Amino acid sequence: MKNTYNLRSIAAKAISQVLDQGQSLSTVLPGLQKSISDKDRALLQELCFGTLRVLPQLEWCIQQLMARPMTGKQRVFHYLIMVGLYQLIYTRIPPHAALAETVEGATALKRPQLKGLINGVLRQFQRQQVELLERAANNDSHYLHPSWLLARIKLAYPDQWQQILDANNQKPPMWLRVNRLHHSRIEYLELLKQANIEALPHDFYPDAVRLITPCAVSDLPGFELGWVTVQDASAQGCVDLLDPQDGEQILDLCAAPGGKTTHILEAAPKVHVLAVDIDEQRLSRVKENLQRLRLHADVRVGDGRTPDEWCGDQQFDRILLDAPCSATGVIRRHPDIKWLRRDSDIAELAQLQSEIIEAIWPKLKKGGVMVYATCSILPEENQQQIATFLQRHSEADLVETGTVSALGRQNLPHPEDGDGFYYAKLIKR
């Protein structure tokens with residue numbers, strides 16, 4: 001049966017909601033995916049994520065092909081053309097099908113009179129494709145990052161910035177966390193092999209497994225039974241550093257969507273975990289993950305800056321603070337971050353992080369452990385944050401994490417490894 005919807009127009013609307021309304025793809029896509037087939041959901045995701053990943057290149061190409069930009073109510077058609085260009089450059093969709101479906105998107109968006117224009121622009125691109133892409137490769141658009149972020153990455157990593165950009169611009173690997181309550185990693189790797197799913201263990205993180213080719217979670221052995229969770233390898237490092245022990249009181253702050261909460265409980269099933277997040281809607285994901293893995297935690301809504309409101313005078317043996325951050329380490333998973341973030345956000349986020357860590361530190365028992373973590377690669381949110389905290393608190397000791405960074409561990413995104421992530425392990429004397 002022929003679809004009653006046009007996927008390219010849906011993708012253009014999603015991109016408009018990100019770029020013009022400041023919404024994240026993870027917020028926008030679930031609602032749009034409800035009305036389309038399972039098969040088309042994957043393609044919609046590819047069109048949206050892919051277009052946003054290479055946005056500057058597509059924008060530059062359109063500037064060469066059109067005398068005037070499409071603005072105002074016609075802006076969504078600008079994004080429709082982008083979706084068309086993305087298909088022609090980056091997908092295996094036959095060009096005639098990509099063109100036909102994209103042009104038809106104008107009808108779905110109730111402006112059939114623009115079909116001729118869209119068709120003309122895309123066909124002109126086809127004729128000039130080789131030349132345009134060669135020229136695009138020789139200007140700043142080929143970095144595929146906003147100029148402010150490019151400048152910050154170059155400053156922080158003068159010898160590694162190009163590798164970081166390259167990793168950010170690639171599709172992310174799919175990492176799993178094996179639930180040690182059900183199987184050892186070796187046992188689960190054998191189950192994957194039996195299911196004809198190629199996978200490799202991580203060299204450093206004991207529960208992490210990388211799939212050679214990403215697959216649907218429904219294809220993973222025992223996913224619904226809680227045998228495994230999809231979680232990046234670097235994110236798994238938080239709980240390895242935290243090292244929870246049975247019988248302890250543990251706080252997981254900024255806990256949503258629950259990957260680290262459940263990892264704590266898999267590592268030490270007899271701990272008591274309080275999982276707190278300011279976003280009530282995202283906390284529902286924590287509950288869903290706990291339910292699938294058949295684990296239990298105390299889940300509460302709360303602001304990290306005001307802990308007395310949600311835990312009173314309770315103190316904890318260990319605290320995991322996965323602080324709100326710029327998410328510059330996970331751009332390959334969320335390419336919309338590049339266009340939603342602003343340079344001014346970094347100082348604001350650093351201030352918020354400072355307020356949270358100051359407010360929560362008194363809740364850690366003497367002799368207790370706090371792991372401060374972010375999915376950022378920017379020093380202002382990481383090493384500099386911890387350096388100023390240590391200056392303020394003589395009773396805090398930084399534990400050596402065995403890595404390059406003198407103040408904590410800074411992972412950088414890598415095509416065959418984890419995301420960009422930072423951890424610092426602190427002990428209260």
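Note that Cβ sites are derived from N, Cα and C of the backbone, with glycine treated the same way.
Since this is a predicted model, take the numbers as computed values, not measurements.
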Candidate sharing the S-adenosyl-L-methionine site with CYS254, ALA255, ALA256, PRO257, GLY258, GLY259, LYS260, ASP277, ASP303 (per Swiss-Prot), from ASP219, ASP232, ASP322, ASP336: ASP322
Cα-Cα distance linking CYS375 (active site, nucleophile) and ASP303 (S-adenosyl-L-methionine binding site), given in Å to the nearest integer: 19
Chain-internal residues near LYS260 (S-adenosyl-L-methionine binding site), provided their CB is under 8 angstroms and they sit 6+ positions away: ALA235, CYS238, VAL239, ASP252, LEU320, ASP322
Sequence-distant neighbours of CYS254 (S-adenosyl-L-methionine binding site) in its chain (C-beta under 8 A, six or more apart): VAL276, ASP277, ILE278, GLY304, LEU321, ASP322, ALA323, PRO324, ILE356
GLY258 (S-adenosyl-L-methionine binding site) to CYS375 (active site, nucleophile) - Cα separation in whole Å: 15
Rounded distance in angstrom between the Cα atoms of CYS375 (active site, nucleophile) and ALA256 (S-adenosyl-L-methionine binding site): 14
Tertiary neighbours of ALA256 (S-adenosyl-L-methionine binding site) (same chain, Cβ under 8 Å, six or more apart): ASP277, ASP279, ARG282, LEU283, ARG285, VAL286
